[in-house]
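Colleague: Have a look at this one.
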Amino acid sequence: MDRAVSQVALENDEREAKNTWRLVFRIAILLSTVVTLAISAAALAYSMEASTPSDLVGIPTAISRAEEKITSALGSNQDVVDRIYKQVALESPLALLNTESTIMNAITSLSYRINGAANSSGCGAPIHDPDYIGGIGKELIVDDASDVTSYYPSAFQEHLNFIPAPTTGSGCTRIPSFDMSATHYCYTHNVILSGCRDHSHSHQYLALGVLRTSATGRVFFSTLRSINLDDTQNRKSCSVSATPLGCDMLCSKVTETEEEDYNSAIPTSMVHGRLGFDGQYHEKDLDVTTLFEDWVANYPGVGGGSFIDNRVWFPVYGGLKPNSPSDTAQEGKYVIYKRYNDTCPDEQDYQIQMAKSSYKPGRFGGKRVQQAILSIKVSTSLGEDPVLTVPPNTVTLMGAEGRVLTVGTSHFLYQRGSSYFSPALLYPMIVSNKTATLHSPYTFNAFTRPGSVPCQASARCPNSCVTGVYTDPYPLVFYRNHTLRGVFGTMLDDKQARLNPVSAVFDSISRSRITRVSSSSTKAAYTTSTCFKVVKTNKTYCLSIAEISNTLFGEFRIVPLLVEILKDDGVREARSSRLSQLREGWKDDIVSPIFCDAKNQTEYRRELESYAASWP
């Protein structure tokens, strides 16, 4: 039994020993697992660069750097957005405009070439430099808010003179006419060999050209074709217009004085001519006995015409045959236009009496002097389908020289202030069925012309007179709804005498700071102005072609005065480039005035040589 007990005890001891080793084994396994996990965690942390407490200090810096990277990325994206906006909102429309204009010009050019081939001329159509595409015949300044007179002309700029001048002391160049289309410009003037009052014989200079930009960015007018019509015909009072076939011109042919013409019983001969792109000139006499059967005298308006709806429109004026249908239709009709804030003090009945008499001045034998507009179909045949429009005198004043203009989609008739009303007039013109309808005019109170008493620049009451001078305004500033706000022009700033030419921008009441041609005693006469834009630089320029007194070579010299239109609220007067301060070493101040009659020739010669030597 003791043996059995011992055997049981031994087995118990062995079982306890086994349990002990199992526990040790399990503990060892657990410890090794924990150690393995710790080592694995450490290795994993090391491999993933996990942050330690000391690393947390750099978190704000890291966040700041991340913020900078994000901001930089967003900035880059904004740059991309800005570039996209510029491309979509600015560059693409301009590119489309240029493309449209280029296609239009290409089609027009092709049409000209086809016409040229049909006429065996072999000559293509000229086109302005691309810098001017979209900048000719457009509303150049659209501004609802700014004061019109905050725009003003710069000093006169030097550019290529495209107008021939007299070459003798007795020569005379007068009556400039200018018109510019989207493709080319046309210019003409009269050339008289012996003084400016000769009515028996003269030449007519006619030129066709384009606008160019020099390598330095300067504007210049490049004459491509020109002709001097020196024949037995005495063309006078010519108006020119740029058309798709070249330069169309309307002239009267006269051999007598204006007063004698008004006293005659038959209309004045008229001719429709054209200088083609090939440099050839052709013309055709109009059937004035039918077209002007109610007229005793008829003349083009001197100012440029305009190409509208496949027809060329010219201003016309002259004398009506007494008691003819056209004269009877105007009987008793009149209009009175009033000065701004300067009412005529005469009794209303007397004003009406004088207004009616103003259409029949004594100078022309009491004939009714009438305004009119002549339109002619533009085709290879000259003088085709002429139609004469005679507007009612309930709208127009006494007939006078004028100009037909197109700016944007608007058409205007300028009428010279030959009657009592001094401020410049622009009648809105509506074209339909080959005829024109005029409406009450825009008036520009500060844009006056000199005149004889009682129709001087300050006149405010109706009177009968034939006076004034041709100084047309060019529509420059518009409202967004296309209503005209302001014009540019060169006026003669004197009450009675043709003196003191100045350029300015005008609203209905006042004018901007001015740019003088020279001194206030400078003699001048006709001026005609045209504005355009260099689209590439967005700069607006205006050209005033002016007759300036020139005592050395002829009585007048026709000068193309070029200005840039600027904008600010500066002083009221600017001098021409002749008087502007230039770089040190240049001495422009000795040439005073531009066209001077030097009294001391020796001293003048010395100063002139010094002046020439001072230029770099």
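Using the three backbone atoms N, Cα and C, a Cβ is placed for every residue, glycine included.
Annotation comment: Swiss-Prot describes 1-26 as topological domain 'Intravirion'. Sequence annotations record features per position, and here Swiss-Prot assigns transmembrane segment to 27-47. Sequence annotations record features per position, and here Swiss-Prot assigns topological domain 'Virion surface' to 48-616 based on sequence analysis. The N-linked glycosylation site annotation in Swiss-Prot covers Asn119, Asn341, Asn433, Asn481, Asn538, Asn600. Look at Swiss-Prot and you will find 124-152 tagged as region 'Important for interaction with fusion/F protein', backed by similarity to another entry. As annotated by Swiss-Prot, disulfide bond applies to Cys172-Cys196, Cys186-Cys247, Cys238-Cys251, Cys344-Cys461, Cys455-Cys465, Cys531-Cys542. Annotation source Swiss-Prot lists region 'Involved in neuraminidase activity' at 234-239.
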Colleague: Going by DSSP, how much of the region 'Important for interaction with fusion/F protein' (124-152) is helix, how much is strand and how much is coil, in residues?
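Modeller: Going by DSSP assignments, the region 'Important for interaction with fusion/F protein' (124-152) contains 6 helix, 5 strand, 18 coil.
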Colleague: Between the disulfide-bonded residues Cys196, Cys531, whose Cβ has more other Cβ atoms within 10 Å than any of the rest?
Modeller: Cys531
Colleague: Helix, strand or coil by DSSP: which one applies to Cys531 (disulfide bond)?
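Modeller: Note: Cys531 (disulfide bond) is in a strand by DSSP.
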Colleague: Between Cys344 (disulfide bond) and Cys455 (disulfide bond), what C-alpha distance do you get in Å?
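Modeller: Rounded to a whole number, the Cα-Cα distance is 13 Å.
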Colleague: Hey, of Cys196, Cys238, Asn341, Cys455, Cys531, Cys542, which of those recorded positions are within 10 Å of Cys461 (disulfide bond), Cα to Cα?
Modeller: Cys455
Colleague: Summarise the region 'Involved in neuraminidase activity' (234-239) by DSSP state, stating how many residues are helix, strand and coil.
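Modeller: Helix (H, G, I), strand (E, B), coil: 0 helix, 5 strand, 1 coil.
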Colleague: Which residue, of the disulfide-bonded residues Cys172, Cys186, Cys247, Cys461, has its CB surrounded by the fewest other CB atoms within 10 A?
Modeller: Cys461
Colleague: What is the Cβ neighbour count of Asn481 (N-linked glycosylation site) at a 10 Å cut-off, with all protein chains included?
Modeller: 7
Colleague: Return only the integer: C-alpha distance in Å from Asn341 (N-linked glycosylation site) to Cys196 (disulfide bond).
Modeller: 39
Colleague: Pop the mean pLDDT for the topological domain 'Virion surface' (48-616) in here, whole number is fine.
Modeller: 86
Colleague: Of Cys172, Cys247, Cys465, which is closest to Cys531 (disulfide bond) if I measure between C-alpha atoms? They're all disulfide-bonded residues.
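Modeller: Comparing Cα positions, the candidate nearest Cys531 (disulfide bond) turns out to be Cys247.
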Colleague: Cα-Cα, whole number of Å: Asn481 (N-linked glycosylation site) versus Asn538 (N-linked glycosylation site)?
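Modeller: Here the two Cα atoms are 21 Å apart.
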Colleague: Of these disulfide-bonded residues, Cys238, Cys344, Cys455, Cys465, Cys542, which scores lowest on Cβ atoms within 10 Å?
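Modeller: Each of the disulfide-bonded residues Cys238, Cys344, Cys455, Cys465, Cys542 was scored; lowest Cβ tally within 10 Å is Cys344.
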Colleague: How long is the line from the C-alpha of Asn538 (N-linked glycosylation site) to the C-alpha of Asn433 (N-linked glycosylation site), rounded to the nearest angstrom?
Modeller: 37
Colleague: Using Cα coordinates, what distance in whole Å links Cys251 (disulfide bond) and Cys172 (disulfide bond)?
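Modeller: Spelling it out, the Cα of Cys251 (disulfide bond) and the Cα of Cys172 (disulfide bond) are 18 Å apart.
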